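For 6-24, 57-80, 92-112, 121-138, 144-165, 177-200, 206-230, the entry in TrEMBL reads transmembrane segment.
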Amino acid sequence: MNLSVLAIGIDAVSFVISAILIWTTKPRSAEQEGEESGGGVLTQFTQGFKALLARRWLLWMIAAGVVLHLTALPAVYTLGPVWAEDNLGGGAGWGVLVSAFGAGGVLGGLIATRLRPKKPAIWYFVGLVVVSAQPINLVSGAPFWVIAVFQALAGGALAILGVMEDLSAQRGIPGPLLARVGSFAIFASTVATPVGYALVGGVSTVAGVVSTMYVLGGVCVVLAALGALLPSVRGFAPSAPNSGAPKLDDDNAGAGTRL
(Lines of atoms letter the chains of each structure in order from A and count residues from 1; the text may use other names and numbers.)
(Lines give C-alpha, C1' and ligand atoms only; values in the text may rest on other atoms or scores of the structure.)
Protein backbone atom coordinates (compact mmCIF):
# COMPACT_ATOMS: atom_id res chain seq x y z
CA MET A 1 0.00 0.00 0.00
CA ASN A 2 1.21 3.49 -0.84
CA LEU A 3 1.74 5.13 2.56
CA SER A 4 1.43 8.65 1.15
CA VAL A 5 -2.02 7.84 -0.23
CA LEU A 6 -2.99 6.32 3.12
CA ALA A 7 -1.81 9.44 4.98
CA ILE A 8 -3.82 11.74 2.71
CA GLY A 9 -6.84 9.49 3.10
CA ILE A 10 -6.61 9.57 6.90
CA ASP A 11 -6.25 13.35 6.79
CA ALA A 12 -9.36 13.62 4.61
CA VAL A 13 -11.35 11.41 6.97
CA SER A 14 -10.33 13.63 9.89
CA PHE A 15 -12.03 16.58 8.17
CA VAL A 16 -15.22 14.56 7.76
CA ILE A 17 -15.15 13.62 11.45
CA SER A 18 -14.59 17.27 12.39
CA ALA A 19 -17.55 18.35 10.26
CA ILE A 20 -19.77 15.74 11.93
CA LEU A 21 -18.71 16.85 15.40
CA ILE A 22 -19.39 20.49 14.59
CA TRP A 23 -22.76 19.59 13.07
CA THR A 24 -23.80 17.76 16.23
CA THR A 25 -22.66 20.52 18.57
CA LYS A 26 -25.56 22.32 20.20
CA PRO A 27 -25.33 26.10 19.64
CA ARG A 28 -25.14 28.24 22.74
CA SER A 29 -28.06 30.55 23.36
CA ALA A 30 -27.80 34.32 23.39
CA GLU A 31 -28.29 34.22 27.15
CA GLN A 32 -25.29 31.90 27.53
CA GLU A 33 -23.11 34.03 25.29
CA GLY A 34 -24.09 37.37 26.78
CA GLU A 35 -25.98 40.36 25.49
CA GLU A 36 -23.46 41.00 22.67
CA SER A 37 -24.44 37.72 21.00
CA GLY A 38 -28.01 38.58 20.06
CA GLY A 39 -29.22 38.92 16.49
CA GLY A 40 -28.62 36.90 13.37
CA VAL A 41 -25.47 36.03 11.48
CA LEU A 42 -25.25 39.42 9.77
CA THR A 43 -25.65 41.23 13.09
CA GLN A 44 -22.94 39.13 14.71
CA PHE A 45 -20.67 39.67 11.71
CA THR A 46 -21.16 43.42 12.00
CA GLN A 47 -20.44 43.37 15.72
CA GLY A 48 -17.22 41.45 15.16
CA PHE A 49 -16.12 43.74 12.34
CA LYS A 50 -16.75 46.87 14.41
CA ALA A 51 -14.80 45.37 17.31
CA LEU A 52 -11.91 44.69 14.94
CA LEU A 53 -11.89 48.22 13.51
CA ALA A 54 -11.93 49.69 17.02
CA ARG A 55 -8.62 48.02 17.85
CA ARG A 56 -5.87 49.29 15.60
CA TRP A 57 -3.23 47.12 17.27
CA LEU A 58 -5.23 44.05 16.25
CA LEU A 59 -5.64 45.29 12.70
CA TRP A 60 -1.87 45.62 12.41
CA MET A 61 -1.34 42.13 13.84
CA ILE A 62 -3.74 40.62 11.32
CA ALA A 63 -2.19 42.61 8.47
CA ALA A 64 1.28 41.46 9.50
CA GLY A 65 0.08 37.86 9.59
CA VAL A 66 -1.31 38.21 6.09
CA VAL A 67 2.00 39.58 4.81
CA LEU A 68 3.83 36.69 6.49
CA HIS A 69 1.61 34.18 4.68
CA LEU A 70 2.07 36.03 1.40
CA THR A 71 5.86 36.32 1.52
CA ALA A 72 8.21 34.72 4.03
CA LEU A 73 6.40 31.48 4.86
CA PRO A 74 5.65 30.36 1.29
CA ALA A 75 9.19 31.34 0.32
CA VAL A 76 10.56 28.98 2.98
CA TYR A 77 8.15 26.15 2.26
CA THR A 78 8.46 26.21 -1.53
CA LEU A 79 11.95 27.52 -2.28
CA GLY A 80 13.69 26.28 0.86
CA PRO A 81 13.83 22.62 -0.23
CA VAL A 82 14.86 23.65 -3.74
CA TRP A 83 17.76 25.70 -2.40
CA ALA A 84 18.72 23.01 0.11
CA GLU A 85 18.99 20.37 -2.60
CA ASP A 86 22.21 21.85 -4.01
CA ASN A 87 23.40 24.20 -1.27
CA LEU A 88 22.43 22.88 2.17
CA GLY A 89 23.13 19.18 2.03
CA GLY A 90 20.12 18.01 0.09
CA GLY A 91 17.29 16.18 1.77
CA ALA A 92 19.37 15.27 4.81
CA GLY A 93 20.39 18.87 5.38
CA TRP A 94 16.85 20.13 4.95
CA GLY A 95 15.68 17.50 7.42
CA VAL A 96 18.14 18.84 10.00
CA LEU A 97 16.92 22.40 9.48
CA VAL A 98 13.27 21.40 9.79
CA SER A 99 14.08 19.41 12.93
CA ALA A 100 15.93 22.39 14.38
CA PHE A 101 12.91 24.58 13.69
CA GLY A 102 10.63 22.07 15.38
CA ALA A 103 12.90 21.70 18.41
CA GLY A 104 13.03 25.47 18.72
CA GLY A 105 9.25 25.57 18.60
CA VAL A 106 8.97 23.13 21.50
CA LEU A 107 11.48 25.11 23.56
CA GLY A 108 9.78 28.38 22.63
CA GLY A 109 6.44 27.01 23.76
CA LEU A 110 7.92 26.09 27.13
CA ILE A 111 9.49 29.52 27.49
CA ALA A 112 6.21 31.20 26.56
CA THR A 113 4.52 29.56 29.55
CA ARG A 114 6.85 31.52 31.83
CA LEU A 115 6.50 34.90 30.16
CA ARG A 116 4.34 37.60 31.73
CA PRO A 117 4.64 40.48 29.26
CA LYS A 118 2.91 43.77 29.98
CA LYS A 119 2.78 44.53 26.26
CA PRO A 120 2.26 41.24 24.41
CA ALA A 121 1.56 42.90 21.06
CA ILE A 122 5.13 44.23 20.94
CA TRP A 123 6.50 40.77 21.65
CA TYR A 124 4.36 39.45 18.81
CA PHE A 125 6.04 41.75 16.31
CA VAL A 126 9.52 41.10 17.72
CA GLY A 127 8.97 37.39 17.22
CA LEU A 128 7.61 38.08 13.76
CA VAL A 129 10.85 39.80 12.78
CA VAL A 130 12.80 36.62 13.55
CA VAL A 131 10.32 34.33 11.81
CA SER A 132 10.24 36.59 8.74
CA ALA A 133 14.02 36.45 8.36
CA GLN A 134 14.06 32.73 7.58
CA PRO A 135 14.27 33.10 3.78
CA ILE A 136 17.25 35.43 4.17
CA ASN A 137 18.91 33.04 6.60
CA LEU A 138 18.59 30.06 4.27
CA VAL A 139 20.34 31.75 1.32
CA SER A 140 22.77 33.82 3.40
CA GLY A 141 25.76 31.58 2.73
CA ALA A 142 26.50 31.31 6.45
CA PRO A 143 27.93 28.07 7.86
CA PHE A 144 25.35 25.31 8.08
CA TRP A 145 25.39 25.22 11.87
CA VAL A 146 24.66 28.95 12.01
CA ILE A 147 21.70 28.52 9.68
CA ALA A 148 20.45 25.62 11.81
CA VAL A 149 20.73 27.63 15.03
CA PHE A 150 18.81 30.50 13.49
CA GLN A 151 16.09 28.12 12.31
CA ALA A 152 15.78 26.90 15.88
CA LEU A 153 15.44 30.50 17.04
CA ALA A 154 12.79 31.08 14.38
CA GLY A 155 10.85 28.05 15.60
CA GLY A 156 10.96 29.38 19.14
CA ALA A 157 9.93 32.83 17.97
CA LEU A 158 6.94 31.41 16.09
CA ALA A 159 5.74 29.58 19.20
CA ILE A 160 6.13 32.67 21.36
CA LEU A 161 4.43 35.04 18.91
CA GLY A 162 1.51 32.63 18.69
CA VAL A 163 1.09 32.80 22.45
CA MET A 164 1.45 36.59 22.41
CA GLU A 165 -1.21 36.83 19.71
CA ASP A 166 -3.63 34.73 21.73
CA LEU A 167 -2.80 36.60 24.93
CA SER A 168 -3.42 39.96 23.26
CA ALA A 169 -6.76 38.79 21.91
CA GLN A 170 -7.87 37.24 25.20
CA ARG A 171 -7.09 40.39 27.14
CA GLY A 172 -8.10 42.99 24.59
CA ILE A 173 -11.36 41.65 23.15
CA PRO A 174 -14.62 41.11 25.05
CA GLY A 175 -15.33 37.42 25.54
CA PRO A 176 -18.58 37.29 23.53
CA LEU A 177 -16.81 38.89 20.55
CA LEU A 178 -13.58 36.90 20.71
CA ALA A 179 -14.53 34.13 18.30
CA ARG A 180 -16.05 36.54 15.78
CA VAL A 181 -13.01 38.78 15.73
CA GLY A 182 -10.65 35.80 15.60
CA SER A 183 -12.48 34.43 12.58
CA PHE A 184 -11.38 37.46 10.56
CA ALA A 185 -7.73 36.67 11.31
CA ILE A 186 -8.15 33.01 10.37
CA PHE A 187 -10.00 33.90 7.18
CA ALA A 188 -7.34 36.42 6.14
CA SER A 189 -4.40 34.06 6.65
CA THR A 190 -6.25 31.16 4.99
CA VAL A 191 -6.92 33.22 1.87
CA ALA A 192 -3.39 34.64 1.82
CA THR A 193 -1.63 31.25 1.96
CA PRO A 194 -2.44 29.89 -1.53
CA VAL A 195 -1.96 33.36 -3.01
CA GLY A 196 1.48 33.44 -1.40
CA TYR A 197 2.48 30.12 -2.95
CA ALA A 198 1.47 31.36 -6.39
CA LEU A 199 3.28 34.66 -5.80
CA VAL A 200 6.52 32.98 -4.74
CA GLY A 201 6.48 30.66 -7.71
CA GLY A 202 5.96 33.48 -10.18
CA VAL A 203 8.53 35.81 -8.65
CA SER A 204 11.21 33.10 -8.40
CA THR A 205 10.73 32.20 -12.06
CA VAL A 206 11.58 35.77 -13.03
CA ALA A 207 14.06 36.83 -10.35
CA GLY A 208 15.61 33.55 -9.25
CA VAL A 209 15.59 31.79 -5.90
CA VAL A 210 18.14 33.93 -4.05
CA SER A 211 16.69 37.30 -5.05
CA THR A 212 13.16 36.12 -4.26
CA MET A 213 14.18 34.90 -0.81
CA TYR A 214 15.94 38.17 0.00
CA VAL A 215 13.15 40.41 -1.30
CA LEU A 216 10.19 38.58 0.23
CA GLY A 217 11.99 37.98 3.50
CA GLY A 218 13.17 41.58 3.63
CA VAL A 219 9.70 43.00 2.99
CA CYS A 220 8.24 40.95 5.82
CA VAL A 221 11.08 41.80 8.23
CA VAL A 222 10.73 45.54 7.60
CA LEU A 223 6.95 45.52 8.05
CA ALA A 224 7.24 43.46 11.24
CA ALA A 225 9.82 45.86 12.65
CA LEU A 226 7.62 48.84 11.80
CA GLY A 227 4.69 47.12 13.48
CA ALA A 228 6.59 46.98 16.77
CA LEU A 229 7.09 50.76 16.60
CA LEU A 230 3.48 51.75 15.94
CA PRO A 231 1.88 53.84 18.72
CA SER A 232 -1.22 51.64 18.73
CA VAL A 233 0.89 48.54 19.30
CA ARG A 234 3.23 50.07 21.87
CA GLY A 235 0.31 51.63 23.73
CA PHE A 236 -1.64 48.40 24.08
CA ALA A 237 -0.96 47.15 27.61
CA PRO A 238 -3.80 45.00 28.97
CA SER A 239 -3.62 44.62 32.72
CA ALA A 240 -5.75 41.55 33.39
CA PRO A 241 -7.07 38.46 31.62
CA ASN A 242 -10.40 38.82 29.88
CA SER A 243 -13.08 37.05 31.91
CA GLY A 244 -15.49 37.05 28.99
CA ALA A 245 -18.34 38.26 31.17
CA PRO A 246 -18.20 42.05 31.23
CA LYS A 247 -18.48 44.14 28.13
CA LEU A 248 -15.35 46.16 27.49
CA ASP A 249 -15.70 49.57 25.95
CA ASP A 250 -13.21 50.84 23.40
CA ASP A 251 -11.25 52.82 25.97
CA ASN A 252 -10.62 49.64 27.94
CA ALA A 253 -9.57 47.82 24.80
CA GLY A 254 -6.15 49.42 24.98
CA ALA A 255 -4.49 52.45 23.52
CA GLY A 256 -4.45 50.54 20.24
CA THR A 257 -7.91 51.94 19.59
CA ARG A 258 -6.35 55.34 19.04
CA LEU A 259 -3.58 55.41 16.45
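Positions of Cβ are set from backbone N, Cα and C atoms, glycine also.
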Contacting positions for the transmembrane segment (206-230) when only residues 6+ beyond its ends and CB under 8 Å are counted: 56-57, 60-61, 64, 67-68, 71-72, 75, 79, 82-83, 122, 125-126, 128-129, 132-136, 138-139, 200, 259
Contact call for the transmembrane segment (177-200) against the transmembrane segment (57-80), three or more Cβ pairs under 8 Å: yes
Long-range Cβ neighbours of the transmembrane segment (92-112) (under 8 Å; 6 or more residues past either end): 80-81, 84-85, 138, 144, 147-149, 151-160, 162-164
Chain residues outside the transmembrane segment (144-165) and at least six past its termini with a C-beta under 8 angstroms from it: 61, 65, 88-89, 93, 96-98, 100-109, 111-113, 115, 117, 120-121, 123-128, 130-131, 133-134, 137-138
